[in-house]
Amino acid sequence: MGSSSTPIFLFPWLSLVAIIWLQSINGTNSVFSNYSSQLKSQLKISQVKLNYLNVASDAGKLFGWCSGVTARHLPLWLVLIIGAIIGLIGYGVQFLFLANKIASLPYWQAFLFSVLAGNSVCWINTVCYIAAMRRFPVDHGTVVCLATSYCALSAKIYIAMSQVIMAGNPSDDSIYLLLNSIVPIVTGAITSPFLKESKPASPKTRTGLVTIFVIAGVTGTYAVVETVAPVFDNMPSRLPPLILLVMVVLLVIFVPLVNVIKWIKEGNWSFKMVGEEMEKSVIKVEEKEVEEGGEGCREEERWETSVGREYGVRELVACMEFWLYFMVYGCGGTLGLVYASNLGQISQSRGISDTVLVSISSSFSFFGKLFSALLSAFSSRYMVSRPASMLLLMIPMAATFFLLLNPTNACLFIGTAIIGMCSGAMTSLAVSVTSELFGTEHFGVNHNILIANIPLGSFLFGYIAGFIYDKEGGGGHGPCIGTQCYHKTFIIWGIFCSLGTILSFVLYIRTRKWSKRREPGS
């Protein structure tokens with residue numbers, strides 16, 4: 001429960017603001033491609049071994065279930081701090097090596113610290129997902145999609161920060177590792193007070209969520225416009241774009257402030273009311289809102305939680321639908337993440353700035369995640385299964401990998417945008433799919449079992465890309481230049497994504513009967 005001076009109707013919205021801020025800095029792995037070339041050079045390793053380090057970061061998700069188990073026994077704010085400390089160690093040691101503060105870092109140690117760094121992301125994500133479900137039990141699917149959309153801005157934020165800090169030495173990419181280690185723990189310390197247990201939000205959350213959706217749309221539009229047509233490039237300082245980006249992310253605090261003003265004007269809350277008297281008055285109004293919500297709200301809540309029963313770990317791994325879902329996510333969301341992590345080498349082989357491709361990918365991933373909020377809201381409102389939404393996202397993504405076979409830069413930019421948008425939407429929607437199909441009681445563990453396919457897929461797809469890259473580049477003795485570096489890789493990735501599309505259709509057919517079971521009156 002919040003402090004006695006904090007209105008309990010306001011606390012869930014402050015929690016949502018905290019979740020959004022955490023998500024906006026939690027995409028630390030999205031800037032791997034920005035420092036991967038320097039890491040490869042200083043470790044003196046091949047492209048295949050570099051891909052193994054990326055796999056190691058993803059392998060941290062194999063232990064993501066630890067965060068789910070911990071969250072069942074410890075308060076969320078403490079789970080958040082633990083995750084941030086793990087990231088501080090994982091990224092911090094790698095920074096010290098790239099900054100030449102450590103004389104040497106054996107490859108196996110770099111691998112281990114990459115695992116720690118990747119695992120830290122799971123802890124923060126688990127906190128955000130569980131907090132969203134507890135604060136907004138009726139609309140948690142939409143809330144999670146809205147909040148995770150900001151994760152796609154992480155690369156943009158870290159790039160803007162690095163350009164300000166390293167204005168005099170833009171070639172030193174170790175700054176990304178420094179930011180990855182420090183920013184999450186500072187943000188965690190600021191937001192942790194708003195993650196304490198509190199009363200869930202009133203069922204009437206539509207207006208607030210629509211407002212946040214509009215703010216998120218404005219934020220994403222700015223990110224895309226600034227990427228496509230950077231208006232600050234001619235300025236001697238890179239501080240203005242960073243300030244503006246931070247300001248648009250902070251805009252979400254506008255929602256709880258509007259709620260305070262509205263309640264004061266309506267006379268439902270006064271600054272003179274403190275402690276128990278204030279809480280009792282707010283509870284009465286909220287009880288009235290719940291009564292006015294009627295059966296419709298209760299129907300939506302039943303649909304939003306799960307399709308039938310809660311699945312424990314044993315039941316989950318014995319379920320055919322889970323393994324279909326596992327494969328679909330691996331050939332969709334995970335493959336999109338692997339593509340994003342290879343953008344550094346893809347841009348280098350095409351002679352394009354890696355910052356441009358990474359910014360395009362992160363910006364359109366943001367809109368994909370934001371679009372998934374609409375899909376989630378549509379699913380809960382009109383009883384459309386979320387696996388059907390996954391199928392709609394897989395189709396264009398599979399086609400795009402074959403579009404990338406065109407050697408023009410225009411197709412590369414368009415393909416990067418489409419893959420970023422589809423995979424971004426899929427990763428956000430997956431949270432709701434997990435809770436819809438397998439329940440919310442064991443969600444923290446179940447979803448982390450699902451994302452274990454990320455390191456497995458990263459190893460498979462990353463190894464394919466690295467092997468072909470080194471072969472086309474002369475055996476890994478230098479960078480590969482030309483469209484042939486990834487030509488075969490795109491074909492193979494496209495085949496896997498097409499397989500995932502077929503499997504997503506099978507998943508939709510098999511779970512459609514579950515959805516019908518949930519329809520009102522059935």
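Residue positions begin at 1 at the first shown residue.
Glycine is treated like the rest: Cβ placed from N, Cα and C.
TrEMBL labels come from automatic prediction, so no person has curated them.
Quick look at what TrEMBL annotates:
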TRANSMEM  6-25  transmembrane segment
DOMAIN    12-258  domain 'Nodulin-like'
TRANSMEM  76-98  transmembrane segment
TRANSMEM  110-132  transmembrane segment
TRANSMEM  144-168  transmembrane segment
TRANSMEM  174-195  transmembrane segment
TRANSMEM  207-229  transmembrane segment
TRANSMEM  241-264  transmembrane segment
DOMAIN    308-514  domain 'NFD4 C-terminal'
TRANSMEM  356-378  transmembrane segment
TRANSMEM  390-406  transmembrane segment
TRANSMEM  412-438  transmembrane segment
TRANSMEM  450-469  transmembrane segment
TRANSMEM  489-509  transmembrane segment
Handout entry: Range from 76-98, 174-195, 207-229, 390-406, 412-438 with most C-beta pairs under 8 A to the transmembrane segment (356-378)
Key = 412-438
Exercise for the section: For the transmembrane segment (390-406) and the transmembrane segment (144-168), check the count of CB pairs under 8 Å (sequence separation 6 or more) and say whether it reaches 3 or more. Expected result: no
Problem - Stretch-averaged pLDDT - the domain 'Nodulin-like' (12-258) - result: 82
